[in-house]
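> So that we are looking at the same thing, I have put the structure below in structure tokens.
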Amino acid sequence: MQYFPIFVDTKELNCLVVGAGEVAARKVELLLKTSATITVVAPWACDTVQRLADEGQVTLHTRGYESSDLTAKQLVFVATDDSQLNIDIHHQAKAQNILVNVVDNTPLCQFITPSIVDRSPIIIAMSSGGVAPVLLRYLRQKLESVIPQKVSLLGQFSEKFRETVKARFNSVTKRRYFWEDILDGDVAEQVLQGNNSKAEQMMQDKLALDEHDSGKGEVYLVGAGPGDPDLLTFRALRLMQKADVVVYDRLVSKEILELVRRDAEKIYVGKARSLHTVPQDEINALLADLALKGNRVVRLKGGDPFIFGRGGEEIETLVEKGVSFQVVPGITAASGAASYAGIPLTHRDHAKSVVFATGHLRDNSINLNWPMLAQPEQTTVFYMGLTGLPVICEKLIQHGLPDTTEIALVQSATTTEQKVVAGNLANIQQKVAEAGIKPPALIIVGSVVSLREKLNWFGADA
């Protein structure tokens with residue numbers, strides 16, 4: 001992050017704008033939305049700047065720039081067509097620790113003006129760091145279209161009751177829960193419809209309740225999907241942004257964690273092959289204890305929590321402890337990996353059934369019903385099977401599958417790090433070694449793998 005986004009109090013801010021053409025005028029008009037004092041210096045002024053000066057909204061000096069113009073200024077915009085003058089002002093301002101922006105010249109900018117969605121008192125500011133202005137305009141248009149203009153009324157309503165709510169609830173957590181319920185319920189709807197008197201009465205009624213928060217939290221068992229953040233469900237994202245605490249494992253990507261509420265506590269309990277960071281029974285107890293302390297806890301798991309995610313064990317403990325919970329399904333790794341590798345798990349000409357199995361190696365063996373797994377016209381998917389690949393291939397051949405049976409391994413499915421290696425039961429181990437495949441990787445066995453060459457749409461083979 002080269003540019004750190006901040007919001008500056010403009011009540012006593014003195015701003016200098018050098019230049020008074022159309023470009024400078026746009027900066028002046030933007031500054032006029034604030035409480036800043038604005039001085040403009042230029043040999044001439046366009047009609048807009050001249051009108052604003054005549055109306056007394058800005059101070060205009062119709063002359064050339066002088067170094068003394070920087071005196072007592074905290075912010076400077078430079079918008080002239082004299083490149084040397086722009087450079088000189090940049091260096092002079094920087095030497096005096098005055099923030100300076102030379103319009104459309106990023107190397108000479110100590111700060112940049114963001115793209116703004118204004119719903120005062122709610123302000124959304126975005127920036128591309130000057131590298132993608134067209135994309136930024138596109139995103140702003142999207143936000144403008146989905147955020148109601150009347151959101152500003154909600155901001156004003158919240159400001160009116162802020163101190164009352166603060167006095168009513170003695171903890172930050174209880175206040176946040178209260179406001180989340182208000183903004184997600186009927187009170188907010190009344191405000192957006194312009195029914196302020198009704199909204200205020202409803203607000204007073206809610207504040208008068210004996211106890212808004214029971215003091216008992218809840219656990220949300222959330223499937224984070226196979227890796228790509230775009231594959232999260234809406235509900236998963238909504239709960240992630242409500243959480244007080246997030247308990248996550250190794251398969252949850254950094255990009256997905258970035259979507260969690262910024263000030264939520266994050267607890268890593270990740271498990272890797274041969275290394276269990278936190279025993280499962282301790283994780284189960286941790287979830288219950290956190291919720292019983294009044295927290296909203298998101299248990300974030302890669303894939304789907306009920307498919308080799310041990311979600312059932314975790315909620316059994318919650319039931320025993322009397323903790324409320326919700327389960328949010330996620331796209332399981334098998335579905336994500338197969339889709340992004342161009343391998344349909346079922347196909348009328350290849351597979352009439354699909355079986356999910358764990359390939360986890362224990363004591364150099366995998367205890368599975370191999371005759372059932374080694375069936376023709378079937379797709380078998382092995383989770384956590386990379387280390388056990390030699391055993392899987394040996395057992396499938398031993399129980400009747402030809403060594404020419406197609407097999408594929410998909411590493412880091414649905415992400416930019418995805419790799420796919422395809423082969424057959426006889427040669428796949430060598431191919432995997434040559435490609436340097438690492439966990440997390442999924443194994444797909446069956447003739448559907450032969451369709452990859454035709455159906456692949458996401459990336460190339462490793």
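Along the chain as shown, the residues are counted starting at 1.
Using the three backbone atoms N, Cα and C, a Cβ is placed for every residue, glycine included.
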> Out of A199, A357, A413, which one does Swiss-Prot list together with P226, G302, G303, D304, I307, T332, A333, M384 for S-adenosyl-L-methionine?
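S-adenosyl-L-methionine site check in Swiss-Prot: besides P226, G302, G303, D304, I307, T332, A333, M384, the record includes A413 out of A199, A357, A413.
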> Kindly state the mean pLDDT of the region 'Precorrin-2 dehydrogenase /sirohydrochlorin ferrochelatase' (1-203) in the predicted structure.
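Averaged over the region 'Precorrin-2 dehydrogenase /sirohydrochlorin ferrochelatase' (1-203), per-residue pLDDT gives 94.
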> What does DSSP assign E22 (NAD(+) binding site), in three states?
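For E22 (NAD(+) binding site) - judged by DSSP and reduced to three states - the answer is helix.
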> Which residue among the recorded positions S128, P226, G303 has the fewest other Cβ atoms within 10 Å of its Cβ, if you could check?
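Among the recorded positions S128, P226, G303, the lowest count of other Cβ atoms within 10 Å belongs to S128.
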> Express in Å, rounded to the nearest integer, the largest CA to CA distance found among the NAD(+)-binding residues E22, V23, P43, W44 named in the record.
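Greatest Cα separation within the listed binding residues comes to 15 Å.
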> According to DSSP, does W44 (NAD(+) binding site) sit in a helix, a strand, or coil?
coil
